[in-house]
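Heads up: the structure comes next, in structure tokens.
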Amino acid sequence: METEGLSPMLYEDDYYYGNETGLQPCDETDWDFSYSLLPVFYMIVFVLGLSGNGVVIFTVWKSKPKRRSADTYIGNLALADLAFVVTLPLWATYTALGFHWPFGSALCKLSSYLVLLNMFASVFCLTCLSFDRYLAIVHSLSSAKLRSRSSIIVSLAVIWLFSGLLALPSLILRDTRVEGNNTICDLDFSGVSSKENENFWIGGLSILTTVPGFLLPLLLMTIFYCFIGGKVTMHFQNLKKEEQKKKRLLKIIITLVVVFAICWLPFHILKTIHFLDLMGFLELSCSTQNIIVSLHPYATCLAYVNSCLNPFLYAFFDLRFRSQCFFFFGFKKVLQGHLSNTSSSLSAQTQKSEIHSLATKV
């Protein structure tokens, strides 16, 4: 199936790429394989993301009396991911139909907006969660006001407001139009720019997604976790009985940052290369363009996978949160066995330290 007039670089899951802009005329990429494979990926992410984030939201909601500051950020992170994954059946259908959008203009705008809203809100929640853990571990005594309930509410309000504003271009500019035999969901700059200046709009929107949506959060999270790792190492260096706990904490910290980078880095690298080509800083051959075009949808899928990994990375690695999940879903025997195994392997002093850590540090 051909996509007449549709630049493959516009692969519709990159919500800020423009149509047929900045690319030299090249042979079209064969999308037949992607039309079959990508919808399957989308639906797998949909099922895992819907169930995983749903469990997180339910658990956070049920544990309100004992909710920690980290739990509040985890719940909002899950809400942001959930708002995105519910749109995946639409994008799966769109791809399976060969980039034909049968759902109308309103859903085109709303679905595109939710994707960008998720990207920003999710990244900002992760950054605030990292900052909260940094304060709890590195400045546990002096950060009480910054980690108070009112401060968390204000920070969440800022997260959602800022995310909503950054995602507005998608809501305003995205619309449906007929392209050959297909109706596509695409960015339309005709109301704000001439055809000659579209590249500048696309370049600006590309920077808008990459800098505040990836580079700055990744830099901040790396800094926070470096301080956390240093503090944990100093705290446990003379406590041999805590050696395994130290290694576990450091492993989780490293995993959080690495998984985030792995999921999003390929997407932003390809988008940056396209931006540099668009603005004339690079002159890519047709073969190079075709490689980028072929890799781009799968880099996008990898970024989407982060929405179904987050519940496991940021919630189920947490002993206290995992215990709450078992309790609220009626797995009391599993919980009792888990606590029994934990008790048999820890000394009384270590248990006391563990309980204190779970209650105040994470």
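The chain as shown is numbered from 1 upward.
Any Cβ shown, glycine's included, is placed from N, Cα and C.
Straight from Swiss-Prot, the features:
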TOPO_DOM  1-37  topological domain 'Extracellular'
CARBOHYD  Asn19  N-linked glycosylation site
DISULFID  Cys26-Cys286  disulfide bond
TRANSMEM  38-58  transmembrane segment
TOPO_DOM  59-76  topological domain 'Cytoplasmic'
TRANSMEM  77-97  transmembrane segment
TOPO_DOM  98-110  topological domain 'Extracellular'
DISULFID  Cys108-Cys185  disulfide bond
TRANSMEM  111-131  transmembrane segment
TOPO_DOM  132-151  topological domain 'Cytoplasmic'
TRANSMEM  152-172  transmembrane segment
TOPO_DOM  173-199  topological domain 'Extracellular'
CARBOHYD  Asn181  N-linked glycosylation site
TRANSMEM  200-220  transmembrane segment
TOPO_DOM  221-248  topological domain 'Cytoplasmic'
TRANSMEM  249-269  transmembrane segment
TOPO_DOM  270-296  topological domain 'Extracellular'
TRANSMEM  297-317  transmembrane segment
TOPO_DOM  318-362  topological domain 'Cytoplasmic'
Long-range Cβ neighbours of the transmembrane segment (249-269) (under 8 Å; 6 or more residues past either end): 14, 126, 130, 209-210, 214-215, 218, 221-222, 225, 228-229, 232-233, 295, 299-300, 302-303, 305-306, 309, 313-314, 317
Stretch of maximal Cβ-Cβ contact with the transmembrane segment (38-58) [cut-off: under 8 Å; candidates 77-97, 152-172, 200-220, 297-317]: 77-97
Residue pair Cys286 (disulfide bond), Cys185 (disulfide bond) - Cα distance, angstrom, rounded: 25
Winner by Cβ pairs under 8 Å against the transmembrane segment (200-220), considering only 77-97, 111-131, 152-172, 297-317: 111-131
Rounded distance in angstrom between the Cα atoms of Asn181 (N-linked glycosylation site) and Cys108 (disulfide bond): 18
Chain residues in Cβ proximity to the transmembrane segment (77-97) (below 8 Å; excluding those fewer than six residues from its ends, i.e. six or more beyond): 12-13, 34-36, 38-39, 42-43, 45-46, 49-50, 52-54, 56-57, 60, 103, 107, 111, 114-115, 117-119, 121-122, 125-126, 129, 163, 182, 185, 304, 307-308, 310-311, 314-315
Secondary structure of Cys108 (disulfide bond) (DSSP, helix/strand/coil): helix
DSSP helix/strand/coil residue counts for the topological domain 'Cytoplasmic' (59-76): 15 helix, 0 strand, 3 coil
Long-range Cβ neighbours of the transmembrane segment (297-317) (under 8 Å; 6 or more residues past either end): 11, 13-14, 34, 38, 41-42, 45, 48-49, 52-53, 55-56, 59, 74, 77-78, 81, 84-85, 88, 118, 122, 126, 129, 252, 255-256, 259-260, 262-264, 266-267, 269-270, 325
